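See structure below.
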Amino acid sequence: MAMNYNAKDEVDGGPPCAPGGTAKTRRPDNTAFKQQRLPAWQPILTAGTVLPIFFIIGLIFIPIGIGIFVTSNNIREIEIDYTGTEPSSPCNKCLSPDVTPCICTINFTLEKSFEGNVFMYYGLSNFYQNHRRYVKSRDDSQLNGDSSALLNPSKECEPYRRNEDKPIAPCGAIANSMFNDTLELFLIGNDSYPVPITLKKKGIAWWTDKNVKFRNPPGGDNLEERFKGTTKPVNWLNPVYVLDSDPDNNGFINEDFIVWMRTAALPTFRKLYRLIERKSDLHPTLPAGRYSLNITYNYPVHYFDGRKRMILSTISWMGGKNPFLGIAYIAVGSISFLLGVVLLVINHKYRNSSNTADITI
Amino acid sequence: PDCSRLILLSFPQCAGEENWVDSRTIYVGHREPPPGAEAYIPQRYPDNRIVSSKYTFWNFIPKNLFEQFRRVANFYFLIIFLVQLIIDTPTSPVTSGLPLFFVITVTAIKQGYEDWLRHKADNAMNQCPVHFIQHGKLVRKQSRKLRVGDIVMVKEDETFPCDLIFLSSNRGDGTCHVTTASLDGESSHKTHYAVQDTKGFHTEEDIGGLHATIESGASGSLETDFMPLGSENLLLRGATLKNTEKIFGVAIYTGMETKMALNYQSKSQKRSAVEKSMNAFLIVYLCILISKALINTVLKYVWQSEPFRDEPWYNQKTESERQRNLFLRAFTDFLAFMVLFNYIIPVSMYVTVEMQKFLGSYFITWDEDMFDEETGEGPLVNTSDLNEELGQVEYIFTDKTGTLTENNMEFKECCIEGHVYVPHVICNGQVLPESSGIDMIDSSPSVNGREREELFFRALCLCHTVQVKDNDSVDGPRKSPDGGTSCVYISSSPDEVALVEGVQRLGFTYLRLKDSYMELLNRENHVERYVHLALRWKRQVLCVLPQFIRARVERNAVEGLRTLCVAYKRLIQEEYEGICKLLQAAKVALQDREKKLAEAYEQIEKDLILLGATAVEDRLQEKAADTIEALQKAGIKVWVLTGDKMETAAATCYACKLFRRNTQLLELTTKRIEEQSLHDVLFELSKTVLRHSGSLTRDNFSGLSADMQDYGLIIDGAALSLIMKPREDGSSSNYRELFLEICRSCSAVLCCRMAPLQKAQIVKLIKFSKEHPITLAVGDGANDVSMILEAHVGIGVIGKEGRQAARNSDYAIPKFKHLKKMLLVHGHFYYIRISELVQYFFYKNVCFIFPQFLYQFFCGFSQQTLYDTAYLTLYNISFTSLPILLYSLMEQHIGIDVLKRDPTLYRDVAKNALLRWRVFIYWTLLGLFDALVFFFGAYFMFENTTVTSNGQIFGNWTFGTLVFTVMVFTVTLKLALDTHYWTWINHFVIWGSLLFYVVFSLLWGGVIWPFLNYQRMYYVFIQMLSSGPAWLAIVLLVTISLLPDVLKKVLCRQLWPTATERVQNGCAQPRDRDSEFTPLASLQSPGYQSTCPSAAWYSSRSQQVTLAAWKGKVSVEPPPALSGSRHHCSSSPSHSCPGSRVQLLV
């Protein structure tokens, strides 16, 4: 912490040839700043000033909390676990790797109809997408269409960087472990044959990701040509340029891929899979009734005690079903209100006692 | 003159300057000794280059880096940085390398600049031309080429280029006048004497032909043909020649061996209590850091014990990782965790603390209230390390003369043979108009009495070291009151000036010293001339005083006047010659010189005839009493340490309200110890004190309540040394403890007749007593330097005794009264500010790092960072740095005026109150709580749901950004809650840095940065803000985090308010600032307004008065003794032994 003004000291400690006291007046400036007298607002947190704030917080937070809570409760959500670890589950057969491709069907019933747009998620548990080794195992330059990075991926992608002397595109553990179950939804009406529900693939990824952050490598019209010299990730069945038939949703800009590449914060997460758009105001998007979920079971999670879910959810302005925020708002509002009351009492008592104390002093 | 004569000179080693004088043989003019002399071994001496710089151009970078990394903190950060470079760590090396680089660079630039200034000063000094004598001719050379043995010519007003032995001057008597203003600030002229044997060499040729050898050092050169040299023959580098046309001298010490260069040696560094607690907290945090890393490492391996967790199919390791040794892997993991959490001890804290101290100290120098109009001096800050220590002072040790008193002597009265003469108000040469002449209490003295009277006046008029300046060009001209001759008296002793001026008022005017004759103008306007005898000494003599004078002296002493008795002795020619011989013999003695001198004086000073006594008043400094009272109210114990005698000192203490009327004085003086044994006295005193304090423990906290018995202790130097002296049986601490016990119970202690070293000893005794209180020493003279250096905080009063004290102090103030604002306002503020700064820094980094720690539990202990690299790097550097820095510069929890008006508020921060462990733990727990709120708030928000209205999902970076945003807002608003003084700067910085965070985040996420190899933050912040629940969560979490702190503040203020908080509550309404000083101004002595401005035209005072008294082996009490002085050869750079006190009139 040595910050002495030694230099100054020593310089005038030994004046050179010309001696003599330089008796200059060092009168300081009389500015408000230098005299520490800048005009200032001097608030003090006393019970008196804080009391109204507590009440105001209470009065604002409780209604907000109630609003959020009600909104959250109005959201319809259904979760179907299709991991298949229970022997009774239709997907149990798919646990063994021998059955390929394995398709299983799970039936479920919606008690109430889902109004408005419905969002279809897949959820994974115990899947550490936020593991450091996993999070950094990607090459954003490659995904952004950089041709040099395409052929020479970043070292961070190890050990998913090269395969059989060819660079992997997309490289890295994240891309390699992309979720590859296929989910299909059917409404089993009164008719004998199930009606497929239209699942929209587009609009599930962030707009900026799809249009800016992720880009296919430059080149001609043929996507395969652009990925020339690369090989598919080890675990993938098909190369990246056959992810979808729609050229706008193929290669690196495939939305399923983009969604997967946004690593989740927690080991239990869900990712948007498909949109079910509302057709008309008159009919609910998903009327109450029996449905069946067709799963092409490719993605093994039982090796690491993981679970797989399919979630159908409606959305409000504040997102999916989440009672936490509403409850927290109500709780904080009430606590704050209560504290306000307590403080009021204390303040009242104290004022009396302090007055008497002042007199005795 | 006989040029070929060999002159042998010896220069003795002065006690206490061992490091300066080594043994050396110098051949003047480089003439080798004649053949036949003993073996000639040429000695090598450094050239005359002065090097005060630390670095050269070449070694700057390595040496500076080495110096910087010797500091533990820097080294720690360097290690972290290296670890990041070597192993695969979660954060990039940039995150810690950049701040470290910044810190190191800034410090290096600052030190480099300072060193460049030093180089410039050195060069200017080393290159200035010097006149040499070479082979009888005058040559000009650069100063740095000067070598030991060279003969140098110095002209008037030039500075001596090195330490010289004074060979001759162009003045007939072989003297020269020297001022040491640039060495110690004493602007008075001191007379130095040429070596007797060489003073006849006047021309270059003469001097060039000189053969002489100088032996110096302790090597016991007992050969009789050596001519002894003393400090009066020595001219020190840095001093300036005055009133003498030119002198010749031979260089004996050059370059870095000169006394001035040796005095450069830096003082030991003082560390403040805050810094000590900061270091303690740092160690705690280091332990937390290590344990966090350890816990995580252990948990990681427990968790990973199942292979599907360590290496699931989707997240395989590379081959090299797999093959790494388990222990190596574990160790690497541990280091990686360390790196991940290392931000808990932030680099920026050191930078901020240093900046705060450095910039903050400017407020002291800028303070207009501490600027002294008369001297044109403002406060000086010599170190900024101790700003906050000013708010922690528990003991003040103050010098009396010049510190409490003005050291502005005023001749009050004299008393001759029963008549008292009172010259009307004379104050340092200026007379108030209404007063004139002498006011005699008892007029019509007898003829005999008249003779005595004139003798007395003549004695006063002649026996002094006062010099007369004819022109007015001396700093601060002071005309003699007669107006006719405009002569100004200068002396190293203000007492002497006062006496001479007083006598002038009584009719005898000292005119000048001319050709060994002293001239004075007597009452009849005749000029009398007296032979000036170079016999000057001062002694303390024991004698019996006649009844009247004794009573008078005693009375005056009790009133706080400095008394002096004048006596004479008639000598006939033979006697005088005998004395001269005796003295000369003693002076040239090589061994026991001082002792022999003392014996000689003893012999002369017999059978003196008493003439009368004088009384000189040393005024109290303006507002000294008010200051002391305020300091005592602030709970500070004030000790006065003085060399003065007890009565004078005690009177001053009463005058400045150190002792009050109801103070019960306890005496621990030599006199009492002579009557009883030390043991008994100590036990008796402690019994008295403890009996009382025991019954009063209940209302101890009420401090100086009216019914509490006040004790004041008086102790003198001799008694103190008895207490300090280790006893034979080794139980030395026994008395000390007892003494300390007594001292603790006394509100004021007066130590009189103290030697400078004893002053330091006392300070040390208190400093290392078991409570380890913070001590502050304040003094103005060279004799206070030791205690100033010893105390935790040393304050120099920029006084008339030169700048020695101010130069060695940590802070220098123009007047004692400024101490009040210095401690009560600045000290208090700095303490509040820095304690908040330290605690806040730890708090905000707990908030910062603890979520990362928690996140490890959810990411498989993989050291995944929660925040982006940019956030990690900039959190401490830019998002949260400026608000706390500006807070720590601007904060005023109470107004300046209130602090000045109510000194008791100082007690609220005493004993490091704001950095106690309890407070520290509170802050840390608050940080933990907030971190839990941030993390789990965001956790429950994100857990298994979506928070956008388009159903899209956020990833881990959004999660971290949400936590980070809440944190930045909480931490900044927490500071806003603590700010009591909102200037526009605070508003600007607090809201500005929040705005900066938002703008930065928008920008950082708004662009694909081509230089980054990842784009993980792309649009993350903007996407987060597009989600309603994120906004709601930010508001909610910030509220929850701040709520407990607000609640705690309000409740504490309401239920257990401190004095400060009470005052804050009371003065919430605006107050009138202008009225602050009026009540105090009326307190000061009515005489103050009418006194003349005290011009500091003699800026020095010899050690005569303060140093003189303590030398006495014989302790004297006033009735049978008279205050006087004892011969004293000071080892201070002034080298003067001024002042005969006992007069010899021939």
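Every residue number used here counts from 1 along the chain in the order it is shown.
Glycine is no exception: its Cβ is also placed from the backbone N, Cα and C atoms.
Pulled from TrEMBL:
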type     : residues                                                                                                               : note
DOMAIN   : B:42-96                                                                                                                : domain 'P-type ATPase N-terminal'
DOMAIN   : B:127-230                                                                                                              : domain 'P-type ATPase A'
TRANSMEM : B:280-303                                                                                                              : transmembrane segment
TRANSMEM : B:334-353                                                                                                              : transmembrane segment
ACT_SITE : B:ASP399                                                                                                               : active site, 4-aspartylphosphate intermediate
BINDING  : B:ASP399, B:THR401, B:ASP780, B:ASP784                                                                                 : Mg(2+) binding site
BINDING  : B:ASP399, B:LYS400, B:THR401, B:GLU496, B:ARG562, B:THR642, B:GLY643, B:ASP644, B:ARG753, B:LYS759, B:ASN783, B:ASP784 : ATP binding site
DOMAIN   : B:806-1058                                                                                                             : domain 'P-type ATPase C-terminal'
TRANSMEM : B:840-858                                                                                                              : transmembrane segment
TRANSMEM : B:870-890                                                                                                              : transmembrane segment
TRANSMEM : B:920-942                                                                                                              : transmembrane segment
TRANSMEM : B:954-976                                                                                                              : transmembrane segment
TRANSMEM : B:988-1012                                                                                                             : transmembrane segment
TRANSMEM : B:1018-1043                                                                                                            : transmembrane segment
REGION   : B:1119-1140                                                                                                            : region 'Disordered'
COMPBIAS : B:1130-1140                                                                                                            : compositional bias 'Low complexity'
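For B:ASP780 (Mg(2+) binding site), the nearest of the recorded positions B:ASP399, B:ARG562, B:GLY643, B:ARG753 in terms of C-alpha separation is B:ASP399. Under 8 Å from some Cβ of the transmembrane segment (B:334-353) lie the Cβ atoms of residues 73-74, 76-77, 80, 83-84, 87-91, 96, 99-100, 102-103, 106, 278, 282, 285-286, 288-290, 292-294, 296-297, 834, 837-838, 841, 845-846, 848-849, 852-853, 856, 863, 865, 872, 875-877, 881, 884-885, 888, all in the same chain and six or more residues away from its ends.
When the Cα atoms are compared, B:ASP784 (Mg(2+) binding site) and B:ARG753 (ATP binding site) turn out to be 13 Å apart. Relative to the transmembrane segment (B:870-890), the listed stretch B:988-1012 leads the set B:280-303, B:840-858, B:954-976, B:988-1012, B:1018-1043 in CB pairs under 8 A. Same-chain residues lying 6+ beyond the ends of the transmembrane segment (B:920-942) with a Cβ under 8 Å from its Cβ atoms: 277, 281, 284, 839-840, 842-851, 854-855, 858, 954, 959, 962-963, 966-967, 970-971, 974, 1029-1030, 1033, 1036-1037, 1040-1041, 1044-1045, 1048.
Checked against B:THR401 (Mg(2+) binding site) by C-alpha proximity, the binding-site residues B:ARG562, B:GLY643, B:ARG753, B:ASN783 yield B:GLY643 as the nearest. Sequence-distant contacts of the transmembrane segment (B:988-1012), counting only residues of its own chain at least 6 positions beyond either end whose CB sits under 8 Å from a CB of the stretch, comprise 868, 870, 874, 878-883, 886, 961, 965, 968-969, 972, 975-976, 979, 1018-1022. Panel annotation: around the transmembrane segment (B:954-976), residues 840, 843-844, 847-848, 851, 855, 864-868, 871, 875, 879-880, 883-884, 887, 930-931, 934-935, 937-938, 941-942, 946-948, 990, 993-994, 997, 1001, 1016-1017, 1020-1021, 1023-1024, 1027, 1030, 1033-1034, 1037-1038, 1041-1042, 1045 of the same chain, lying at least six beyond its termini, place a Cβ under 8 Å from a Cβ of the stretch.
For B:ARG562 (ATP binding site) paired with the residue listed as 'active site, 4-aspartylphosphate intermediate', the C-alpha to C-alpha distance reads 16 Å. If you draw a 10 Å sphere around the CB of B:GLY643 (ATP binding site), it holds 27 other CB atoms from the protein chains shown. Recorded residues B:ARG753 (ATP binding site) and the residue listed as 'active site, 4-aspartylphosphate intermediate' have their alpha carbons 11 Å apart, per Cα-Cα distance.
Residue density at B:ARG562 (ATP binding site): 22 other Cβ atoms are found within 10 A of its Cβ, drawing on all protein chains shown. Cα-Cα distance from B:ASP399 (active site, 4-aspartylphosphate intermediate) to B:GLY643 (ATP binding site): 9 Å (rounded to the nearest whole number). When other Cβ atoms within 10 Å of the Cβ of B:ASP780 (Mg(2+) binding site) are tallied across all protein chains shown, the result is 33. This prediction places the mean pLDDT of the domain 'P-type ATPase A' (B:127-230) at 74. Residues of the domain 'P-type ATPase N-terminal' (B:42-96) grouped by DSSP class, helix first, strand second and coil last, total 29 helix, 0 strand, 26 coil. A coil conformation is recorded for B:GLY643 (ATP binding site) in the three-state DSSP classification, outside any helix or strand.
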